[in-house]
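Taken verbatim from TrEMBL:
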| type | residues | note |
| --- | --- | --- |
| DOMAIN | 70-250 | domain 'Poly(A) polymerase nucleotidyltransferase' |
| BINDING | 148, 149, 150, 203, 264, 273, 288, 289 | ATP binding site |
| BINDING | 148, 150, 203 | Mg(2+) 2 binding site |
| BINDING | 148, 150 | Mg(2+) 1 binding site |
| DOMAIN | 255-397 | domain 'Poly(A) polymerase central' |
| TRANSMEM | 278-298 | transmembrane segment |
């Protein structure tokens, strides 16, 4: 990736320097320039992607050649993404839009019923209104055919969460034939209902505004609607706020969406994406909002760069980032300096919606280490400036768990039926960080593969996790004390069965690929 200045001098990231004389280009003219000195005096093994003049100039034809190469690499990346099915088909888009429209109709019926139950004046009941706002990957326009929909129910002051949302709306949803698998998650940081509507999974938290009616197209960034709302409602609103601010601050929405699709695919394939649910960040990896802010940060830094250049800058920037220095989007109003609101966070990323509010993170020493290793790997693969053809498949290769680790902690969660299993798995995952920290204390490192598997050899509905253990520490064989300690943290919640065991790589199911494409384990 190269950038030209007004005098036709070209600035190249110095980690991508090449001996241009070896190119034997007759139109390359060497001119005296400043010496290249050491600009990483800390002997950090990570080379920061700074741009420095190298004392050479190129004529216009060579500059145009570099641009064409960058364009070609960007086109090949877009083709790769299309081949991976990252963009839903028109039929799938229509299905999602119809599901959202149905949900909006149900919510409007609900709010009028609540208004009637609350004894509102008959003249006010027809005007009673609530809104459904989408956010997350769907709200940002980066969802795929398998993505869930994050939607927020926004109600007026007379509609309470405890009685009206979790009871009245819950009963209305369960009575609908197109709605299935309705679960209430009341004890989370962001309480919500989770269900399927026409087969599409939807997470629906609730926010209560101090107004008598919420218009369907409510501007949630308008301070008028945010007056005196409670903290739970504010947390429920944070996802919508973050989405709207990100889309407002990025220079090019289409380029940002393409970049974010690539980043999410990379994070899933390399095992550093722990899907954000209302329970919390499940396993201590990035969630969708973290990756969206990181992608927006790069788009702000390089507003005119093409897609392949942004990918290179993404890995180069974060491979050398001085963590725990926080990532903060430039919005023109909020201060861009200051300490993180969560001083314990290893990778603080600030939400672009309120000063000093940061993305919730369960990142531990192990997950921090793995994320940095993957940034470095991505940087190494994408830093070659003058390679005209790049195999994007190598960047998105699934992480080779079965080759990387010789031993695993097997976590098997089971229940009598699928509905109970969903609640049980969610409850256990919300406490996974304490299990991971305990394993770190014993092993020094543990890689919690975020992929969920199904063991077909277990009769009951089940979900299985395999966490890689640090190679070279084979003395850890008795996991019973760890299990006993972890089970204590699972009291006062849904019930189910949990088994923890140590398995060798040779004991893994023969066809377990350990990637995002395979989640059923067979003998």
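Each residue, glycine too, has its Cβ placed from N, Cα and C.
Everything TrEMBL records as a feature, shown here on the structure.
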residue	record	contacts (Cβ under 8 Å, 6+ apart)
148	ATP binding site	136, 200, 201, 202, 203
149	ATP binding site	96, 99, 100, 134, 136, 138, 143, 200, 201, 202, 203
150	ATP binding site	134, 135, 136, 137, 138, 139, 202, 203, 239
264	ATP binding site	137, 142, 273, 288, 291
Number of Cβ atoms other than its own within 10 Å, given for residue 203 (ATP binding site): 22
Counts of helix, strand and coil residues, the domain 'Poly(A) polymerase central' (255-397), according to DSSP: 64 helix, 10 strand, 69 coil
For the domain 'Poly(A) polymerase central' (255-397), mean pLDDT (0 to 100): 84
Number of Cβ atoms other than its own within 10 Å, given for residue 273 (ATP binding site): 24
Residue 289 (ATP binding site), number of other Cβ atoms within 10 Å: 25
